Amino acid sequence: MAIEVRIPTILRTYTGGAKAVEGSGSTLAELFTDLDTRHAGIRDRIVDADKGDQLRRFVNVYLNDEDVRFLDGIETKVGDGDSITILPAVAGGALEKRMA
Amino acid sequence: MRYDAPIAAVGNTPLVRLPRLSPSADVRIWAKLEDRNPTGSVKDRPALHMVEQAEKDGRLTPGCTILEPTSGNTGISLAMAARLKGYRMVCVMPENTSQERRDLLGMWGAEIVPSPAAGGSNTAVRVAKELAERNPDWVMLYQYGNPDNAGAHYATTGPEILADLPSVTHFVAGLGTTGTLMGVGRYLREKKPDVKIVAAEPRYDDLVYGLRNLDEGFVPELYDASVLTTRYSVGSADAVTRTRELLRQEGIFAGVSTGAALHAALGVGKKAVAASESADIVFVVADGGWKYLSTGVYTAATTEEAIETLQGQLWA
């Protein structure tokens with residue numbers, strides 16, 4: 001089951017420079033765990049182990065362009081053919097903070 | 001329809017179904033054609049409403065100077081209203097804004113104060129606030145924080161949509177000042193508590209992030225997250241692709257930010273189809289494509305080339 005994951009510049013050190021990689025899983029949490037088996041360390045940059053493995057505050061994740069914070073966050077269901085975009089929230093993500 | 005003056009013809013825009021772009025017979029996409037306003041954009045509604053409310057409460061009096069930070073449409077609308085009503089208009093605008101917009105503002109008699117390109121509209125807001133402090137007799141209507149901006153949409157756009165399409169299930173618009181989403185969102189939610197309010201936010205490629213840096217943290221005072229059901233982030237490539245599809249398949253010549261709103265509308269449409277739900281999805285055509293012709297996105301031979309021409313440019 002392939003899910004496309006678009007990687008921001010800042011995280012491409014984990015993907016050998018690749019702008020997009022593929023992964024699998026039925027939720028975002030599973031997908032990020034799967035990615036980490038091939039791109040060691042990337043999961044820790046996206047989820048915060050100290051905050052119950054929620055998305056890091058300054059990271060935005062989109063499922064087919066929809067902000068997952070308005071869906072089910074890290075537990076959002078994903079499936080074959082979906083596209084995930086990971087983006088850093090620039091300049092402190094003031095908007096995200098208010099939206100959370 | 002007949003009106004007593006050009007300025008009275010703001011609003012009452014057509015709502016048209018898009019038969020070719022709607023995903024199915026049960027999931028319908030509707031375009032609210034705000035480019036049909038007197039100066040060609042949705043901003044005529046908040047601009048006129050903000051001016052008239054300021055006149056009503058005595059903040060604007062004959063001979064006043066109106067000051068506004070704007071990257072285009074709001075300034076153009078305010079400049080038109082100011083000329084007709086006899087006010088002087090000063091716009092603070094990022095220096096990298098297109099020539100078309102400068103010409104349009106000048107045409108309606110507005111004076112332009114350039115602000116540094118870095119930081120975009122956020123810097124323009126700061127420069128305008130400084131100017132307002134130095135000129136206490138100038139009136140800054142301040143679209144980002146003026147409740148009459150959202151109020152215009154609460155009073156007109158929302159009721160028009162509900163009257164034309166009582167079965168509306170989703171409302172989609174671009175996220176800028178947030179006035180359209182807040183005003184229409186609040187109105188529709190009061191009448192139809194289950195309605196979904198969807199924001200389409202521009203997402204720029206890495207190249208533009210430097211330019212946008214300061215812009216990112218800016219949250220308009222009008223913004224209230226509780227009004228939104230969800231938020232889409234739309235990249236340049238998708239915005240351009242949808243803008244061209246809208247032109248080719250439905251004959252609607254719209255600005256690039258409209259392509260982003262359409263992309264989000266199609267996104268929620270796809271979800272409705274997958275869930276076997278019926279839906280009437282309204283999205284806002286904020287303006288026509290005229291002011292963006294020089295970008296080349298409409299005339300490029302292929303969508304790939306069109307996407308290429310927009311690389312590194314701000315489009316919303």
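Counting begins at 1 with the first residue displayed.
A Cβ is built for glycine as well, from the same backbone N, Cα and C atoms used for every other residue.
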Residue among B:SER236, B:SER257, B:SER276, B:SER278 sharing the pyridoxal 5'-phosphate site, where TrEMBL lists B:ASN73, B:GLY176, B:THR177, B:THR178, B:GLY179, B:THR180 as binders: B:SER257
Neighbourhood of B:THR180 (pyridoxal 5'-phosphate binding site), C-beta criterion under 8 angstroms, separation at least six: B:VAL42, B:ALA150, B:HIS153, B:THR157, B:ALA173, B:GLY174, B:VAL284, B:ALA286
Mean predicted confidence [pLDDT] for the domain 'Tryptophan synthase beta chain-like PALP' (B:9-287): 92
B:THR177 (pyridoxal 5'-phosphate binding site) to B:LYS43 (N6-(pyridoxal phosphate)lysine) - Cα separation in whole Å: 11
Nearest recorded site to B:LYS43 (N6-(pyridoxal phosphate)lysine) by CA-CA distance, among binding-site residues B:ASN73, B:GLY176, B:GLY179: B:ASN73
Pyridoxal 5'-phosphate binding residues B:ASN73, B:GLY176, B:THR177, B:THR178, B:GLY179, B:THR180, B:SER257: largest Cα-Cα distance, in Å and rounded to whole number: 15
Structural state of B:THR180 (pyridoxal 5'-phosphate binding site), classified by DSSP into three states: helix
